[in-house]
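All remarks here apply to the structure that follows.
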Ligand SMILES: [Mn+2]
Ligand SMILES: [Mn+2]
Ligand SMILES: [Mn+2]
Ligand SMILES: [Mn+2]
Ligand SMILES: [Mn+2]
Ligand SMILES: [Mn+2]
Ligand SMILES: [Mn+2]
Ligand SMILES: [Mn+2]
Ligand SMILES: [Mn+2]
Ligand SMILES: [Mn+2]
Ligand SMILES: [Mn+2]
Ligand SMILES: [Mn+2]
């Protein structure tokens with residue numbers, strides 16, 4: 001159980017769902033251990049948040065546990081999406097723990113946002129990767145099948161085709177150096193917020209599949225989460241694996257907590 | 001390059017091929033780093049083998065390098081199989097470095113053995129695993145589509161259906177405790193030898209996807225390799241990952257060397 | 001959840017309880033992560049046991065989860081003991097995942113065995129360790145306050161006073177070299193079986209607090225578990241930490257499974 | 001021996017004392033290895049400090065070695081406190097290597113400062129933690145039994161009660177974002193400086209018990225140490241464990257060196 | 001092969017040479033694994049560089065592989081220097097992967113620059129270290145036997161004698177805090193750029209022999225590489241070992257890529 | 001200090017000397033951390049030895065600490081040899097903690113044995129390795145410049161020339177499979193016993209420079225140490241590095257303790 005997520009499902013305002021998919025990870029695998037690592041490294045956090053004056057245990061968070069992954073990503077996403085749709089229908093906000101970035105598609109399908117906001121080192125705008133149309137590197141591309149537009153914060157890597165795609169009006173890319181000054185502008189748009197932990201500089205999150213130097217600081221990521229949370233109806237943090245000394249899962253767990261505190265404070 | 005494998009392809013009697021497939025690994029992933037780890041931990045071995053009086057560098061081994069894996073296992077196996085068929089056609093013996101156990105199927109298809117001999121903790125006789133008909137857990141089942149019979153040495157785990165399948169006359173299972181006394185009996189049969197490193201007890205090979213206690217000692221595995229090598233026309237060592245301090249890849253590299261020394265000595 | 005322990009509490013024949021106590025660990029700490037590690041490394045095991053023809057999921061095992069530990073060992077043991085007494089009262093067999101060896105005392109108090117059988121590198125017959133009367137190094141001493149006698153299998157370390165205590169008639173010590181030939185002789189005695197993973201040689205279980213070379217092989221430990229299981233009404237496996245590549249927790253998980261298969265087969 | 005601490009005790013201006021207490025660590029244990037790790041990772045540092053023009057080996061530092069810890073924290077602190085009082089009486093400055101944060105209380109008792117200045121992610125103002133009145137999480141609370149006031153730099157976590165306590169006039173909390181601009185204002189006050197390494201962001205010090213993201217940079221911590229050192233008569237660096245690749249102990253060792261250079265330069 | 005370095009030697013504009021020397025490493029050894037680690041962690045990088053609009057695979061990079069190191073540093077450097085001179089003669093730019101910093105001397109001898117620019121935590125201006133005149137700690141001293149002047153960026157450690165040497169007019173030291181504002185001023189001077197990965201703060205590059213806190217951020221290092229690349233005719237990145245979770249080799253690989261993109265864009 | 005080695009130098013019967021030489025390690029470096037690791041993992045051992053009825057602390061062992069190594073192996077060995085000669089002159093038995101195997105030469109020179117007995121996977125009979133006449137791979141060759149004969153127990157690797165050298169009458173090689181039955185036959189010969197930890201199978205000692213599978217079990221090594229100790233006047237245990245989870249240093253520390261208990265018991 002995610003520490004402090006001790007509310008029953010039917011009374012929950014937020015529902016944590018672990019989605020340990022790990023089939024298309026390109027370089028270093030291990031996202032299948034992501035949800036476990038995130039829950040574990042959330043252990044030492046205080047319940048109370050001084051900024052908002054709230055306690056996590058008062059915010060009605062339920063942990064559904066993991067949806068054990070199998071090899072067929074498409075089927076798996078469909079299943080998880082159904083589960084997250086139920087969460088939405090019951091009026092709760094889904095909080096997905098990845099698993100590879102692909103699992104965000106389950107969240108997007110369930111939440112049907114107008115805007116897909118993501119912290120990521122990569123554009124993830126490929127239409128396929130190594131023949132796979134459901135690779136983690138295609139997630140923003142697929143998210144745009146549901147959302148009207150995407151905002152990619154901290155991106156510093158992509159293919160030439162991806163950068164061309166990113167130049168179209170429905171995509172906003174905020175370079176790592178500009179993320180600190182970024183302010184959201186959402187007009188009555190429903191927002192889904194996806195945190196690919198590799199948006200962080202590898203020094204702060206080495207436990208991820210595809211490290212990309214020159215990334216964000218934890219505080220920059222936190223500030224984005226704070227700014228976006230009030231508008232969001234779905235959240236995930238993905239691409240954490242078990243290949244570090246706890247830096248990546250600790251940051252991931254804290255960003256999830258940040259999201260919940262800020263969202264609850266503004267709702 | 002596998003240390004000492006410095007013969008040109010056209011003069012080679014043995015061809016090392018890395019097949020870092022890592023898509024169906026059930027528990028701990030990382031077989032994609034297997035070939036690299038095995039080559040690295042082969043570095044400190046002496047060239048000379050006292051038992052046979054041979055030097056590895058005299059035995060005409062070529063290292064083809066890795067066939068970079070992609071997500072579609074079926075296509076990948078077909079490609080690798082083609083490559084290994086070429087190796088066979090040129091009169092050389094393929095030595096495959098996995099990668100998950102599934103890659104043995106490329107070897108089996110290329111070599112077309114009468115007997116599939118495997119050191120493995122698991123029966124690998126499933127017809128599918130979690131919906132996947134090409135899982136590593138199905139490799140002996142598929143090998144029997146080509147080979148007439150299979151000998152599984154060191155097996156201590158399997159589903160009920162697998163054990164029933166194993167009771168049929170075309171499968172011989174040798175329990176871990178009986179491996180030391182096992183003697184091969186091949187009448188003019190062509191043999192393929194596949195070493196799943198998890199046949200070893202986890203103390204000797206922790207760096208593998210699905211550890212299974214109560215396994216073989218390194219010497220027991222060595223003796224099997226020595227006994228089978230004279231009959232074999234294809235060899236692989238698989239399921240090594242990067243999650244230990246070198247025990248698994250060191251053992252794997254040594255077993256490959258053992259195979260080559262013994263095979264060359266008897267040819 | 002321990003993999004396969006999917007029976008409801010009231011229908012359970014066996015109840016897994018995690019007891020991650022980690023206060024008196026002498027050398028390398030980390031037993032607080034023991035239950036988690038054991039559950040995780042049990043993942044890849046097959047449900048079916050060929051020896052007994054049984055499936056683990058049919059054996060009515062429930063996982064109670066962990067009793068989160070706090071600093072006061074005495075209070076903690078009392079609490080856990082109460083819980084295990086309930087398990088006993090309901091007719092189920094407790095299976096405790098440590099945590100430091102001290103947690104066996106909760107099991108012993110609940111089960112009230114005639115004989116305390118333990119696999120351990122150490123005698124654990126101290127009356128106190130560094131001033132602490134509830135140190136892990138005192139567990140067999142305290143077990144003898146409840147049990148009539150103790151059998152310590154694989155012991156190779158102890159203080160002079162402990163060896164003197166061990167020479168008394170209510171203690172049987174079986175040296176590591178003699179464990180293979182040991183046969184239990186219980187006349188209508190109720191037995192509690194405690195597996196301190198450091199009974200194994202460090203090569204097979206490096207992830208433990210106080211490694212002691214020249215220990216048991218996994219098969220020797222398995223055979224003891226098989227021989228004692230039919231007589232036992234309580235079981236634990238303790239002293240696993242998170243400081244290895246999975247060798248210790250994999251062995252611990254397998255020994256627990258061995259206990260359940262054998263116990264169920266003979267009940 | 002701390003590298004360069006090669007002065008005899010009676011000629012010493014500074015005395016390093018290792019205090020590897022590790023009993024109340026909440027999450028990841030291992031502070032018992034802290035002093036060793038800090039000494040080891042101090043090895044590669046140059047003797048000479050360009051800023052002050054001093055060599056460490058000229059600054060009369062003695063290393064007392066470790067006071068081996070036992071389970072009773074209260075007794076242990078009393079013992080260490082006695083030792084540090086002797087150090088003070090001889091006119092030297094104690095430099096304590098933790099060990100959990102609790103060991104600062106030995107320093108505070110010996111030094112009897114007017115102000116307790118601490119770099120810490122946590123307020124440590126609890127009156128007890130999980131029933132333990134001597135938990136590391138109570139250290140600033142207890143320090144205030146001796147000191148008149150406390151300054152907590154970099155704090156970003158605490159319970160609601162702790163934040164209320166922190167609002168009282170004898171406590172100054174400097175948020176992580178404000179630490180860079182913080183200037184000390186001590187009027188003839190005796191100061192004790194305690195560095196809890198978890199004040200740093202986890203990227204810079206993953207080897208600690210309770211990582212807390214959004215923390216300080218090493219340079220921010222260095223600047224605090226430089227500013228406070230001239231006023232301080234006691235120093236410690238605590239909460240380093242052995243669970244990283246050297247980042248935490250390297251930083252800890254460097255901050256100790258920074259303290260000594262700056263203190264010696266101003267005395 | 002360095003990923004993307006798939007040009008033949010005779011068509012190459014850039015030639016990667018691995019120089020895994022590891023004989024004089026002072027503290028933590030393992031630079032012998034540096035080239036392998038750097039190549040491996042370059043795997044996940046995109047081929048395309050948005051800033052320059054170039055693809056790495058179009059930039060004519062060849063990977064010569066490693067020059068296996070032996071114990072005699074002098075002879076080794078001579079050999080490598082000869083190889084790099086050939087590279088220069090063929091009109092290509094050498095890109096050396098260390099190995100300890102000493103290997104830069106092979107590059108300097110081959111390239112004969114007017115200016116030796118280095119990112120380094122250390123001055124490396126010793127004339128010998130522990131009796132060794134070819135220690136990694138002497139590399140800038142020796143480089144000045146060929147080059148007219150040296151620029152050391154990010155230096156924060158050195159002996160008193162080194163700092164005195166650094167005060168002479170042929171050496172420019174840029175403190176870590178000033179590196180962000182540093183602009184190169186080269187008048188028709190040939191430049192060699194050497195990146196000692198320990199220039200970075202240990203949080204960003206723990207896998208190096210002699211960590212030194214208070215260092216550079218990855219972006220600061222990147223900006224130096226970008227500014228110097230247009231003037232450089234030789235490049236190396238050194239002092240990466242295998243003792244971290246990929247942070248150091250990932251950064252090293254990225255800085256090499258940064259160098260090539262920027263150099264190619266300006267040539 | 002080696003745990004329990006608390007006797008003053010002038011009263012010592014045994015003197016522990018750390019010799020962390022690490023210059024010629026062929027594959028995985030790190031023997032410079034060997035003495036530290038061995039001392040650390042000796043911590044949890046009981047003082048009392050039941051077999052001999054002795055306590056380690058009663059056996060008059062002194063720990064001299066480490067002789068910090070520098071790059072020039074020849075000079076270093078000379079220095080250490082001088083120190084060990086002093087130890088001998090004072091009537092004590094030197095116990096050397098390596099460091100690479102080369103350090104045995106310091107022991108041999110000081111002790112001047114008739115027989116050099118070594119547990120080793122390798123013959124170490126080279127006259128030079130990669131041009132280095134003082135490589136760890138030449139140690140038995142050099143020992144035979146002092147000793148009349150050598151006994152190499154557990155050897156399974158060597159060059160062709162080494163095996164030829166080993167066939168001469170002054171060398172006895174005992175294959176790993178025969179070590180269990182080996183009995184020493186020393187007629188009034190002075191013996192030096194050197195334990196290269198790589199004599200063990202890698203499963204039991206992964207933390208060493210050149211792992212070689214199919215090696216000895218810890219008990220086989222123990223039995224050799226017990227049989228040789230009564231005849232020996234010098235002892236070392238070498239080639240332990242810091243690249244495992246404690247298996248190698250734990251075994252090394254235990255073998256040293258075994259030597260001392262047995263030697264003291266028979267003297
Ligand atoms: Mn992504
Ligand atoms: Mn990404
Ligand atoms: Mn298999
Ligand atoms: Mn298997
Ligand atoms: Mn015990
Ligand atoms: Mn024990
Ligand atoms: Mn604290
Ligand atoms: Mn803290
Ligand atoms: Mn340097
Ligand atoms: Mn440097
Ligand atoms: Mn040797
Ligand atoms: Mn050896």
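Placement of Cβ uses the backbone N, Cα and C atoms for every residue, glycine included.
Copied from TrEMBL, the annotated features are:
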- A:101, A:120, A:122, A:196, A:198: Mn(2+) 1 binding site (BINDING)
- A:124: Mn(2+) 2 binding site (BINDING)
Cβ neighbour count (within 10 Å, all chains shown) around residue A:101 (Mn(2+) 1 binding site): 32
Rounded to the nearest Å - Cα separation of residue A:124 (Mn(2+) 2 binding site) and residue A:198 (Mn(2+) 1 binding site): 12
Entry from the binding-site residues list A:120, A:124, A:196 having the most other CB atoms no farther than 10 A: A:196
Binding-site residues among A:101, A:120, A:122, A:124, A:198 whose Cβ lies under 8 Å from any chain F Cβ: none
Secondary-structure category, per DSSP, in which the residue listed as 'Mn(2+) 2 binding site' falls: coil
Around the Cβ of residue A:122 (Mn(2+) 1 binding site), the count of other Cβ atoms that are within 10 Å: 29
Distant-in-sequence Cβ neighbours of residue A:198 (Mn(2+) 1 binding site), under 8 Å, six or more positions away: A:120, A:121, A:122, A:205, A:208, A:209, A:210, A:211, A:212, A:215, A:239
